[in-house]
Ligand SMILES: NC(=O)c1ccc[n+]([C@@H]2O[C@H](COP(=O)([O-])OP(=O)(O)OC[C@H]3O[C@@H](n4cnc5c(N)ncnc54)[C@H](O)[C@@H]3O)[C@@H](O)[C@H]2O)c1
């Protein structure tokens, strides 16, 4: 079946899936969106509710469907699976969600799907690796949302700290989307200036303290939100729109999606986030930004943690 570049499928319509579907409807990127969930009523309810906003947005076809509807989609976004409960880490979800991911990929594989898989369910790096291996699709077509959200949080925090538009901040969170992630401080720029120079321009000289505080806040923000409102979904929904936009519009945007490492920084056969050029084919190329020795060690430690989990679960 020919691929319809204006069609998206959402598998999983809980907090994250429904918020992402709602944000995608408003983005006007697609003309057709199919919602799939193990709970058919949930998918039908969300399709109806979101469709009722269409009169205030722009026309598109939104409906609850089955895997038979994914064949011609340009992108399948997978958000199905259990979410973190208070006190749980993302890695605690592995057993439940790996099983769900395998069953979903099994269904997709039976269809003639030629588009891009965007994995959002956690632990996203492990599940993206599983999706890649189970599907047998080329690595450019299997993307994890990775640290795109964490990077958005990082840029927001830095923007607040420095009194500058977060879109003028170029700074990445890389590695695992989880507890072992790290901030690539040595590569961070604001308006082309090294971040420490921009900080001093703004009267901030206490770099070490600020860096620790901002990074801790970014790393722990999912825990904070979950303890307060039981789930996180608006931020990730916007990240899903951003990634879909880069694909649908063939933007060649650089963002830290998670992808298969094939020798970058000496890392092989593990999926994690470093910046990559994203276009209509998914991952065009990975961009190995410059890291300090400490950052490189932290990235390797993050990869080792993920590899240990893969060894026991894949
Ligand atoms: N990558 C990120 O940055 C990020 C951010 C937030 C949440 N998440 C993750 O997204 C996932 C979803 O979170 P949520 O808050 O929406 O959870 P949720 O419990 O609200 O929704 C999960 C949905 O998945 C459905 N589901 C379960 N098994 C399924 C299957 N086999 N096929 C189809 N649908 C199935 C459930 O019926 C439910 O509607 C979690 O793993 C969560 O940790 C990721």
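Each position is counted from 1, following the chain as shown.
Using N, Cα and C of the backbone, Cβ positions are placed for all residues, glycine too.
When Cβ atoms from all protein chains are considered, those within 10 Å of residue 103 (NAD(+) binding site) total 12, not counting its own. According to DSSP, residue 103 (NAD(+) binding site) sits within a helical segment. The annotation NAD(+) binding site is assigned in TrEMBL to 12-17, 37, 42, 67, 81-82, 97, 103, 120-122, 145.
If you look up TrEMBL, you'll see 84, 90, 122, 123, 124, 125, 150, 151, 152, 153, 232 marked as substrate binding site. In the three-state DSSP reading, residue 124 (substrate binding site) counts as helix. Counting only residues at least six positions away in the same chain, the Cβ atoms of 90, 144, 145, 146, 177, 258 sit under 8 Å from the Cβ of residue 124 (substrate binding site).
DSSP assigns residue 155 (beta-D-fructose 1,6-bisphosphate binding site) to a helix. According to TrEMBL, the beta-D-fructose 1,6-bisphosphate binding site annotation covers 155, 170.
Residues or ranges marked as domain 'Lactate/malate dehydrogenase N-terminal' in TrEMBL: 7-144. Helix, strand and coil content of the domain 'Lactate/malate dehydrogenase N-terminal' (7-144), in residues and according to DSSP, is 67 helix, 27 strand, 44 coil.
If you look up TrEMBL, you'll see 147-312 marked as domain 'Lactate/malate dehydrogenase C-terminal'.
Look at TrEMBL and you will find 1-23 tagged as signal peptide.
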Point to revise | Residue pair residue 152 (substrate binding site), residue 170 (beta-D-fructose 1,6-bisphosphate binding site) - Cα distance, angstrom, rounded | key: 10
Point to revise | Neighbouring C-beta atoms (10 Å sphere around the C-beta of residue 37 (NAD(+) binding site)) | key: 22
Revision key, fill the gap. Lowest 10 Å Cβ neighbour count of the binding-site residues 12, 81, 152 is held by 152
Point to revise | Other CB atoms, at most 10 A from the CB of residue 122 (NAD(+) binding site) | key: 28
Check your understanding: When you tally the Cβ atoms that lie within 10 Å of each candidate's Cβ, which of the binding-site residues (84, 150, 155, 170, 232) has the highest tally?
Key -> 150
